[in-house]
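Q: According to TrEMBL, the protein has these features:
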type     : residues                     : note
DOMAIN   : 45-290                       : domain 'Orn/DAP/Arg decarboxylase 2 N-terminal'
MOD_RES  : 69                           : N6-(pyridoxal phosphate)lysine
BINDING  : 248, 284, 285, 286, 287, 382 : pyridoxal 5'-phosphate binding site
BINDING  : 287, 323, 327, 354, 382      : substrate binding site
ACT_SITE : 353                          : active site, proton donor
Ligand SMILES: *Cc1c(COP(=O)(O)O)cnc(C)c1O
């Protein structure tokens, strides 16, 4: 099954060939062996992305903390750990997964507006590297908890730089009206009274303005604001240990159309604005590392010719890949064995009982018939990690591919798995 004709060019992950080989594995053979739908991830595509970023950043004092929420599969996290990559987490569950996968606590940073005290205490007990703090209330809670646990917490203030990431509104996080971070004016007040906290070392800045950014301009704008603030703090005698530049690098959802920021352009923006910073630069890429490294393999259940629309009904649905329903996101949809004949406009839908269960509208596709294999590309990020069992559809399998080999890294849920934890009502009173 192995074939080694892929070149590992930088910064592109291995391309999926016209004849459907991915990381040395024939996707058609894979689909003959495992029931669709399932996700397939290329380990080499992920490694290539990590190494491309590392090369571009060479010479800087930096650390990459992978945003676990993009794809939290244990095997993916283990791959990150093996490459020396840390984790950016947003919940206790992600902390648990990351530690379980072998990512050292000292390489873990904790982001999010709604960390509960329980979650903060668990992260403190685990000894994570730092907290990206998003509100005054959270900062006070951190001081209180660290004091009661007799530990010192390192904290960065998440700056909301009021910069438009020029991306979809639902994945834009750096405008003043978004729930994330605090203004520079508020951060200034935090540093002014940082000396009164005895268990929190406020020694970092953090910024993350949004996701799927395809232009370096908003990144530069945010970095410029953070850099100006760092210099101001330094002049006022506040020593900073780290500046976390967040994630947000975009990927190609539409090949031949989307032109992502290259790691070189990204690194040069970081160098230009933060090159003189003496502390460590943290990066939190999620989508960029895993997005293009994954495909969702699915089959056509049937073609339904409506009065006005031609529907291609797939065996995958919005519960497996939510992005098109949630964000109207484009994903390239490619038949694995294209049939000859003229392309036709189709609505590509899933079987779930929702009009929103639509992967694409009016998409031009070659002729398709029931049983045909189709791949939904760039599904490695925010695919399986956002999936659910809506309509009682068990979570699908995930496979990792690595130079001609494949491994099941999550088996398809059984019905028993799906109802695990549910039970008949046994009434009690409080
Ligand atoms: C989601 C998130 C990321 C990762 O975003 P990507 O667009 O996947 O790179 C990084 N940092 C924070 C704080 C996030 O919430």
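Placed from the backbone N, Cα and C atoms, the Cβ positions cover glycine too.
Just tell me what is around each of these and how deep it sits.
A: The 10 Å shell around the Cβ of residue 69 (N6-(pyridoxal phosphate)lysine) contains 21 further Cβ atoms across the protein chains shown.
Residues near residue 248 (pyridoxal 5'-phosphate binding site) in space but far in sequence (CB under 8 A, at least 6 apart, same chain), listed by position: 165, 167, 208, 209, 210, 211, 212, 213, 219, 285, 287.
Sequence-distant contacts of residue 354 (substrate binding site), defined by Cβ-Cβ distance under 8 angstroms and a gap of at least six in the same chain, are 318, 325.
Its Cβ taken as reference, residue 353 (active site, proton donor) is surrounded by 9 other Cβ atoms within 10 Å in the chains shown.
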Q: Return the single residue from the binding-site residues list (287, 323) that has the minimum number of other CB atoms within 10 Å.
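A: Taking 287, 323 as the binding-site residues, the minimal 10 Å Cβ count falls on 323.
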Q: Which of the binding-site residues 284, 286, 323 has its Cα nearest to the Cα of residue 353 (active site, proton donor)?
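A: That would be 323, the closest of 284, 286, 323 to residue 353 (active site, proton donor).
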Q: At the Cα level, what's the spacing in Å between residue 327 (substrate binding site) and residue 286 (pyridoxal 5'-phosphate binding site), rounded?
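A: Residue 327 (substrate binding site) and residue 286 (pyridoxal 5'-phosphate binding site) have their Cα atoms 17 Å apart.
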Q: Taking the Cβ of residue 286 (pyridoxal 5'-phosphate binding site) as the reference point, list residues of the same chain whose Cβ is under 8 angstroms away and which are at least six residues distant in sequence.
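A: 66, 67, 68, 69, 70, 71, 88, 211, 247, 381 - these are the non-local Cβ neighbours of residue 286 (pyridoxal 5'-phosphate binding site), listed in sequence order.
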Q: Enumerate the residues of the same chain, 248, 284, 285, 286, 287, 382 excluded, that satisfy the criterion Cβ within 8 A of the mean position of the Cβ atoms of the recorded pyridoxal 5'-phosphate site; list them in sequence order.
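A: Everything else in range on the chain: 67, 70, 211, 247, 249, 288, 289, 381.
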